[in-house]
Amino acid sequence: MQKIKSLMTRQGLKSPPESLNDLGAFESLRVPGKEEFRELREQPSDPQAEQELINSIEQVYFSADPFDIVKYELEKLPPVLNLQELEEYRDKLKQQQSAVSKKVADLILEKQPAYVKELERVTSLQTGLQLAAVICTNGRRHLNIAKEGFTQASLGLLANQRKRQLLIGLLKSLRTIKTLQRTDIRLSEMLEEEDYPGAIQLCLECQKAASTFKHYSCISELNSKLQDTLEQIEEQLDVALSKICKNFDINHYTKVQQAYRLLGKTQTAMDQLHMHFTQAIHNTVFQVVLGYVELCAGNTDTKFQKLQYKDLCTHVTPDSYIPCLADLCKALWEVMLSYYRTMEWHEKHDNEETAAAAEGSNVMSTEEATFDRGYVKKKLEHGLTRIWQDVQLKVKTYLLGTDLSIFKYDDFIFVLDIVSRLMQVGEEFCGSKSEVLQESIRKQSVNYFKNHHRIRLDELRMFLENETWELCPVKSNFSILQLHEFKFLEQSRSPSVSPSKQPSATSSKPVTLFEQYCSGGNPFEIQADHKDEETEDVLASNGYESDEQEKSAYQDYDSDSDVPEELKRDYVDEQTGDVPVKSVSRETLKSRKKSDYSLNKVNAPILTNTTLNVIRLVGKYMQMMNILKPIAFDVIHFMSQLFDYYLYAIYTFFGRNDSLESTGLGLSSSRLKTTLNRIQESLIDLEGSADPTATLTAAEERKEKVPSPHLNQLVILTSGDTLYGLAERVVATESLVFLAEQFEFLQPHLDAVMPAVKKPFLQQFYSQTVSTASELRKPIYWIVAGKAIDYEQMLLLMMNVKWDVKEIMSQHNIYVDALLKEFEQFNKRLNEVSKRVRIPLPVSNILWEHCIRLANRTIVEGYANVKKCSNEGRALMQLDFQQFLMKLEKLTDIRPIPDKEFVETYIKAYYLTENDMERWIKEHREYSTKQLTNLVNVCLGSHINKKARQKLLAAIDEIDRPKR
């Protein structure tokens, strides 16, 4: 019945819940037979109507709980029975029964094939069980036969054999236990041999074997002994791990790592390793500093050993400061190199293990190993920053323990060089910018450099005041890179190894310090050696001085006996890079010196000893800036002050002349004036002595300033024979131009280290100061030009000329010859000066331009002094000027002649009509009021009347009014 209900449920029907017992209550609800099924199927059916009948059956009939159907139906009857209603209800129940029976019949017929198939399977199973029963019966019969065939003796033999096997096993166990008891001797030997993996492997195997025999009473004591041995191995292993921190050995470290891996303590080993590195840094720096302190103290007092590291650093003497710092950095380098090689080892073995794991099949062990490798990698990467931070703090404490302001410049530079190399190590070690080290030395460097710079400025003033402005002869191919102070520029562009050891590798990838010194050596040892080598290079001979024959030939043409010693050092040909060979013939040397002399005359730089000192000072400043880039701005600012002071001194000595500005020729550009005013306000102490009433702020400001320099009394600038000190003026001015050129050459190097926010200062310095150096030529050489020609004498000669002639003259006036004679004399004296000092073409052109410009303006001034002039007189003026130009062009190559139009335009203005002259006066404001007024007065009576004269004079006055 349950099966029928489940079938009806899957068909979406609600089956009545009556059981077989319930069916007995109503005969009408019994299961129909086959005949009845057939009749039910043959009856015409309406599926929809049947479904509605089934749906109309009450829910209680589908309940799984048993209940009394008869009682249920009787209780439903009303108190008053109605026969018709009862019959209708009965018919309804019959219809519902019929519908359910028909549905059940359909479902049974539908499942008939499955029933047949299941019945066949049951029959087959029954057959198999019967066969199994037969086999079991046969087996029991055979067992009984075998049991009856064995005797008691056979069973006894088997028991003895079993006992024998047990005794053999016991003997093996006893021998193994005996071997385990003697294992401690072998373990001690292996520990002495530092075979930690083997010792641990043996100990673990013994423990594993002992656990097999734990049922023996003697094994418990052995287990305890093995555990103690294992702990002893771990202690020795930790000691071995600590040795890695100062001297990394691949084989040693490989054994240690294998041992920790066998113990399953790879992560613990890494934690211990970092602790040992931290301890190694502390112990190393303390021992190094303690050694120097005790050495300098000269006694064996143990009080220093009880001091803290910070207090110990204050006891380092200045003499031992640099060696101690170098040894400190060497020792710290060894620690960091060991850490670097440790990371290399792990990286290499990680790759090997990853490749091996890819071929293996043990997934669980591979995952665990991968996790360990990941932990070790992260720990090592994190340790980089931590270790470098410890190194920085230790070195910072050492640096701040001594006052560096008392050090000599070279010693201070060497300290900075060591610290800079250490910061380079830090950047390669972990990518750190070493803020701790930079900050610790930046303030000291700035303070040191301020004091140093102040002393250098005072020295520069002393040099300038003692300078006689004599030419310092140098080679035609002289370059500041040949100077010792600028060697670092070439070294910074080449590898730090010597050329003989430099590999001929084509790869452009830079070699790090760790790669370079991984197999041996120390970058801080190279640093000290490098300094010694440079000192020897500076003192080296140039290869000519040792041979007297060659030296005499050299002196025949260009003796360099007066060349400063610093310029004789380390001369190398720029074209070949080779030192001149000593074994050359006298003739070859002579011809070479002739060509050198010629080059010197044409191209040799013009500079003085003071200029050279400034250049050397700039090189030293750049060395400090290159080593300590955070103070680059301060250093460049001080460098600019060196140039400013040199420029101001040249202007003060040779270019300051109030009469220059009155000419109105714009000899000093507005940019040059602004620069000079800025220098005077910011750098020059004009008071000369301290004012006791000055405020503290003013006193501090004056400390930053330098008194204005005074020209050496030996320099004579008033002699006409020397063209008023032209040689000294040329040397001074052109040395400034040369200095500016060197600053231009160094600009890319300065720009590379200047902080981005400060680069506008550098750009302004170059655009407003360095570029104005050549502009000093005009005011300085103008003073020579103003005195070299006797312009006053020419004016007197012009005043004696009669200009109101009535006929056209064919002969020029005598003042023209006098002026040309002055120019010839000027040219002669200029040639005399050029024998002492090479006069560059730009200087020669400026001198000639100034002289010609002054001469032409003097001519106009002379014409403006004329009281009466006729048309023929004006023609005579033109004749004189043309004659002057024709002869002048033979003396100079300057084209066009300066201010030529200035004279010609003034002469031609005489012929202008009233209206044209008024317009001309307004357009030509380059002429003075006197010159314009004289022009109008001279024209009066010829072609201008008095009324027109008044009008023109009023126009001139109107033009002149804004100038007052």
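Every residue, even glycine, has its Cβ placed from backbone N, Cα and C.
Keep in mind that what you see is a predicted model, and the values were worked out from it rather than measured.
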From the candidates Ser508, Ser559, Ser585, Ser668, the one which Swiss-Prot records as phosphoserine: Ser559
Candidate set Ser492, Ser552, Ser561, Ser598, annotation phosphoserine, source Swiss-Prot, matching residue: Ser561
The annotated coiled coil range in Swiss-Prot, which must be one of 216-244, 448-476, 912-940: 216-244
Residues flagged as region 'Disordered' in Swiss-Prot, choosing from 1-25, 701-725: 1-25
Averaged pLDDT score, the coiled coil (216-244): 76
